């Protein structure tokens, strides 16, 4: 059985076709796998576990079904859904992982993360991330009325879209020396991350790989690991594979 990885799905009530595609993937592809790792930004935004929507309810129903039928689901928080709380993970039978996690698959030592922490060139974002991850600020925000949290979230989303149009090239400049340092310190030979929306398998020296997951839109972006690495462009009608052999 294979292990699957996705990130940057950005589920939103405003994009029902995307939601339908992701749920189709869970029911028809993920159900056949051993494990599914979701590496952040599953949701376009998350303002609290009390904001119950069709998407959050149906996703929990599906992941419960997966867990009950042998597919384990794991989650690393991204920069859009870092406020998902314990109650939702419990109700959905999804296991929360730390921001960086080392796993082993087929004798491969792999480090997984969302990927925003690799964008060291974006100093303003790193300051923002440090601020919003403070426990006191998150508790304060979650105590606000739900309508206020939704309004604040929408303002942030609109501002983020404008900033990203101007700064996308700058934001996607991953610090390669930092990546090398992380992989050496953790003694891993594969790194998997999302965030920058540029799917690719980067072949590194010494039989190492850095795999970037893509963003979901009209099609899905999936990494599958079994006896090889495969980046999959997924839709209901077709799947295209770009595969690389695993080196032992």
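Placed from the backbone N, Cα and C atoms, the Cβ positions cover glycine too.
Not measured: the values here are computed from a predicted model.
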Of 20, 41, residue recorded by Swiss-Prot at the Mn(2+) 2 site of 79, 114, 195: 41
Candidate sharing the Mn(2+) 1 site with 8, 10, 41 (per Swiss-Prot), from 193, 197: 197
Long-range Cβ environment of residue 8 (Mn(2+) 1 binding site), under 8 Å and at least 6 residues apart: 40, 41, 78, 194, 195, 197, 213, 214, 215, 216, 221
Cα-to-Cα gap, residue 80 (substrate binding site) vs residue 114 (Mn(2+) 2 binding site), nearest whole Å: 11
Alpha-carbon distance [residue 79 (Mn(2+) 2 binding site); residue 122 (substrate binding site)] in Å: 14
Cβ-centroid neighbourhood (8 Å) of the Mn(2+) 1 site, 8, 10, 41, 197 excluded: 7, 9, 40, 78, 80, 194, 195, 215, 216
Per-residue Cβ crowding (10 Å cut-off), top of binding-site residues 80, 122: 80
Cβ packing number for residue 79 (Mn(2+) 2 binding site), 10 Å threshold: 19
